[in-house]
């Protein structure tokens, strides 16, 4: 008798570690949020403390609203599934839509994580960087907060993208190498954008609000032009578009399959590159006005570095979509043949039941 040994499930281990890392980053982010608020209070930076609290509360309210709306949708699907089961039981047919509920729950959870990353973590990161640039010194807790926020943002985007491939009906799955590359180019593109916003905010703190509102409203209009339909009510759909505009203020996020995705991505990154250079230009002008800033940050070094990171991120992104992006799985002839035979058999069986409708007994009530 030949003994067989099963291979160690490294894929399951990596998936477990990946999920565990996300939980650790989430818990660490909560602890550092509290520490940052306390640090602002101790330094007497009450305006920054107030903005930090507003970001925390605003993000929490946004997530709760979407959570309740999508939770109500899940209850509706579950109720429909229950009634569907009862109806099928009476007809002697066994079919369930419970899998749709699981997929919807997973998608909504990942979408909430994405909203949290760009409504709380990314603005916080911009705020903390701006405060550090104004003070000219870096503390341990703020340094940890910066690293955790940056990693958490890129991690949330990568996890959403990877999970959408895993639960896709087209059978496309990302390898761990492609996941790492995807994480890298997102990190390389997010860092220059957030840093440019922080530099601009450090010298023109009042104008960052005007910049955000004007650009955000434009991005919400673009989201409306994409004819998104993720919510059942038109009113709540505008809330979704507002959240998409907030994400687009920092990073790319595809919300519609209409039109060419490549063209939309190219236009987005060109526009954001011009906006980022404009922010750096205003910061550079203020640096020339305040000679003391030359001792800590030299625009001749900072600006080329950030633009270089942006270009490298674009190149890594191009490499990802050319080499590592999962391809659409080709349909399996055997599976499609079997599926067709099953459909034919089911169709014949239904015709048979219709013809024998007067003699078919009702299901026994056990």
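Glycine is no exception: its Cβ is also placed from the backbone N, Cα and C atoms.
What TrEMBL lists as transmembrane segment is 12-34 (among others).
Annotated transmembrane segment per TrEMBL: 46-71 (among others), in sequence order.
Annotated transmembrane segment per TrEMBL: 140-160 (among others), in sequence order.
If one looks beyond the transmembrane segment (180-200) by at least 6 residues along the same chain, the residues whose Cβ comes under 8 Å of a Cβ in the stretch are 122, 125-127, 129-130, 133, 150-151, 153-155, 157-158, 161-162, 174, 207-208, 211, 250-252, 269, 272, 276, 279-280, 282-283, 297, 302, 306-307, 309-310, 312-314, 316-317, 319-320, 324. TrEMBL lists 180-200 (among others) with the feature transmembrane segment.
Within the chain, the transmembrane segment (207-226) has long-range Cβ neighbours (under 8 A, six or more residues past its boundaries) at 197, 200-201, 238, 241-242, 244-246, 248-249, 255-256, 258, 275, 279, 282. For 207-226 (among others), the entry in TrEMBL reads transmembrane segment.
Beyond its flanks by at least six residues, the transmembrane segment (238-255) meets 62, 65-66, 114-115, 118-119, 122, 153, 157, 186, 189-190, 193-194, 212, 215-217, 219-220, 222-224, 226, 228, 230-231, 261, 264-265, 268-269 of its own chain at Cβ-Cβ distances under 8 Å. TrEMBL lists 238-255 (among others) with the feature transmembrane segment.
Outside the transmembrane segment (267-284) by six or more residues, the chain places 189, 192-193, 196-197, 199-200, 202-204, 207, 211, 215, 248, 252, 299, 302-303, 306-307, 310, 314 with a CB less than 8 A from a CB of the stretch. The transmembrane segment feature in TrEMBL is assigned to 267-284 (among others).
Residues or ranges marked as transmembrane segment by TrEMBL: 296-321 (among others).
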Inset, instruction - For the transmembrane segment (46-71), could you work out the same-chain residues 6 or more beyond its ends whose Cβ comes under 8 Å from its Cβ atoms? - result: 33, 36-37, 40, 104, 108, 111-112, 115-116, 119-120, 123-124, 127, 131, 231, 236, 239-240, 243
